[in-house]
């Protein structure tokens, strides 16, 4: 699906791995799986905290805060989007100034403060008799409490912005990519990272969601705060076992300055050496950036000259843009499982034992279960089989893996549309169109296939995106690489929110026949899912064209 660039191995801008004392990591027993599992444990606690809020946020917004379904879904998508976009800023701070370890510490402190304030805001909200949606404006909390809640919520997003990309990059840094065995282990690291992370999410869905709906929202938000504190303590305790990246002092150049200089010099020299334009073996982007090597005498005297590795790094970043754009076709449908999937489940029969109802948000547990089951199968069965066929150490390329997940995401939306059509038909048959509080006599287990399919899609696309963006950026910018992956999810959430708002406005809102009417029996989520299926299919088609001509960075044809 893609080719590997045949370029000379360049040694400029080498990164040294050191232990906590600043000594070469090669002289001490640091890194590898011992340190990686420690960092994975930290991520499990952080994901427990994040999904303890995110998984059931729409129920809190439509319940205690009294928002309509469309407004609540847009707010969830907006927060989720910013939570996934802000890591670009956190990764920039880490890679350019503070380093990953310090950034994680500072971000974690902000994270904990945000969670504490969130718990306080929930404690202060007037207690309603039940967790049903608030329909009276008089029962909605004051504007001050709303402001405190959203301030706290976005403080959590700021904390996550430094934590999320840096922790995963820091974990992958524990494996030396120059060692063939450790490089193979690094590929497995991304699989087991996602499996363990999903286990933390499953725990949140089982424990926290139940507490939020059956005991107290304040306690339900407070437990993630405690877990985040434990996560920070564990991370600091393990500092002696980590490998840290340190630039060689004689090459101390800010990586952003180094890469940015390529674009500046290429623009200045854009009129030079016209024979480069006639070289058919190079893409227009490559030809343009290679002009950064044609520095003038004045530039050379100032020492402001680019090396071949600088140009290669800048070119690699530019090549990521088309691939990043096409993954939005996956990210937009992905945003639905924490919003409309959950709202659908609330209307359905959820009794699992006499007097015991499963919270609708807990069905997200099925995504985690499918991940936990499929990752070992993929890593221990499918990869070795594929490796024997393709002779690729990773089994299949990351782009093929991402594409497979995009196909599964399209199928997920098709199944979701069919299930919702069935739910609406049953509601009509039983005369429940104007009785939104009455349970539709259709088991919530009808939604199992769409959740399981989404879990399989995650294993392929999200894990593939993590490994792809980590490996295809310069070594010093790998926090930024993982932030690229997160930003795709974030932009997808924002676009989903925008799409919802536009469709809701076009179809008349709650006063008309909106697809997102707060009375879901009068809504048409099935139409929306069909639209998302088309978007996902188109995104995959474009991704297929882009990936066929993608050129991997040297040594990373994964």
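Each Cβ is built from the backbone N, Cα and C atoms, and glycine gets one as well.
Nobody curates TrEMBL annotations by hand; they come from automatic prediction.
As annotated in TrEMBL, transmembrane segment covers the listed stretch 217-238 rather than the other ranges in 217-238, 239-260, 261-282.
Residues 317-338 are the range that TrEMBL records as transmembrane segment, among 295-316, 317-338.
Ranges compared are 78-98, 162-182, and TrEMBL records transmembrane segment for 78-98. As a quick check, the transmembrane segment (527-546) and the transmembrane segment (105-127) miss the bar of 3 or more Cβ pairs under 8 A, pairs 6 or more apart, so the two do not touch.
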